[in-house]
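A.B. asks: My structure is below; once you've seen it, I'll send some questions.
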Amino acid sequence: MSPNVLRWFSLVAILWLQSINGTNLSFPAYSSQLKEFLSISQLKLNYLSFASDAGKVLGFISGIAAVYLPLPLVLLAGGSLGFAGYGLQYLCIVKKMFTLSFYHIWGLSFLAGNSICWINTACYIVAINSFPVNRQVAVGITASYQGLSGKIYTDMVQTFFYSSQREAASGYLLLNSLVPLVGCLVTAPMLVREAKATSSSSWDINVGFIVLFVVTIATGIYAVATSLLTVPAVLVLVGIVLFLLAPLAIPVGVGVKEVISSRRSQQKVHDLEVPVEEDQNKEEEEQFDEKVIVGVKEEVEWTKLCKKLNFWIYFGLYLFGPTVGLAFMNNLGQIAESRGCAATTSLVALSSSFGFFGRLLPSLLDYFLSRNKYMPSSPVSMAVSLVAMVASFLVLLIDSDIALYTSTAIIGVFLGALTSLSVTMTAELFGTKHFGVNHNIVVGSIPIGSFGFGLFAAKVYRDRAALDGRFDGKCYGMYCFQTTFIFWGTLCSIAAVLAAVLYLRNRKFFSHKR
């Protein structure tokens, strides 16, 4: 198999992996049932939600492992950790095969959360190395598919486990343990650390990405439409599988084109001088590509990261921005319940589908507008996204299901955009050589914010329930999360200011890059 075909196959494999790797995105859909399963309070449920995010604290280990181990092994390690984390919870909570304390369950959730980092690390490294010049596009498209995870798991549960809410909760745990591991086993042989194509033209790459954009957008439209309309879950699931298989047309097409070109070159012996000229041009193009990859400010080793002021500004931005969005998603089940909205699974599918488009949006703009002088830089795009999230939290203060659905969709879009932009920003500010470790250190802010901001929400929720005189710990009414929404909106405002500061500190670099 030629390097050109191999790198496209690797990209398709990454799409599949990312579409099933967001196991934590389905937590809101079964959190209320898990709370009843374990007979725990809202505070303890927040601790469990935090545990999954806390696993990212040790995410840098996957980055270090990726330096020394083959990527398929890193991938399988991630799948195995998730299998153990969710699988043991399923056997304990659902099958009652043995008894574990709350702290053991917390540890298993931590393990499951860490597994996501291993799979993400392998995917990002392959995408960046396979398409160094188009790394924003490659990473953005593949990352967008992780936004589909909540939708995919919800549809699978509704197809196979939805006889009752209790069975649905057990279905999420079982699928979260099995599906990523099977996905890793299937795709591991397709991943290569670096597949440099020496005989590809920019035209081939452009056509490949345009086709991929069309398939990706069609997939997103399908996901959003089936989230808003009443369609049998089994039909929705079949459709998603077909859309996930569609990108295979790209490596197959590239392979067919190479075979045809090879046969033509063999028949036309008198044109041998032309390929030589083309090879020289391609070598020059590759040398140019090596320079374009210099779209990074500096290469920073992870051991020296903490000495950089840019890192701490960026760390704070991520802590007060994307992490707040994740805290909202983690509490989406309780937010919907407190407002009397029973369609929690629909909200999860909606946020997942719009998150898909949000993750794709930066890549789409970068690919088609990268040479436009009005194309905003990553920090500016982040600031705009954060301002939109602030507005969404204010809309949530309105007592209306429409406000809930609208805000959930908007937060899903811009949280997805921030997630995609953060991958690019890490590479731009701190380089690609140590990306695996550096980015996992940045996302280490997630557990800090998830715990702190989630704990704040849980305490406000508990206090409001106590004022109502409820002994079951449940709170109903707009005031259950009203203070929390204002607090979260304020944090996003701080993050928007930090994004502006980061741009001003590095405006020469971003202006030169554009």
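Backbone N, Cα and C atoms are what each Cβ position is placed from, and that goes for glycine too.
Feature list, courtesy of TrEMBL:
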- 7-252: domain 'Nodulin-like' (DOMAIN)
- 295-511: domain 'NFD4 C-terminal' (DOMAIN)
- 6-27: transmembrane segment (TRANSMEM)
- 74-93: transmembrane segment (TRANSMEM)
- 105-127: transmembrane segment (TRANSMEM)
- 169-191: transmembrane segment (TRANSMEM)
- 203-225: transmembrane segment (TRANSMEM)
- 231-256: transmembrane segment (TRANSMEM)
- 311-329: transmembrane segment (TRANSMEM)
- 349-368: transmembrane segment (TRANSMEM)
- 380-398: transmembrane segment (TRANSMEM)
- 404-429: transmembrane segment (TRANSMEM)
- 441-461: transmembrane segment (TRANSMEM)
- 481-504: transmembrane segment (TRANSMEM)
A.B. asks: How about the transmembrane segment (311-329) and the transmembrane segment (169-191): do they have 3 or more C-beta pairs under 8 A, pairs 6 or more apart in sequence?
C.D. replies: no
A.B. asks: Given the cut-off of 8 Å on Cβ pairs that are 6 or more apart in sequence, determine whether the transmembrane segment (231-256) and the transmembrane segment (74-93) share at least 3 such pairs.
C.D. replies: no
A.B. asks: In the same chain, which residue numbers or ranges, 6 or more beyond the ends of the transmembrane segment (74-93), come under 8 angstroms Cβ to Cβ?
C.D. replies: 17, 23, 34, 37-38, 62, 65-66, 99-100, 104-105, 108-119, 121-122, 170, 173-174, 176-178, 180-185, 187-188, 191
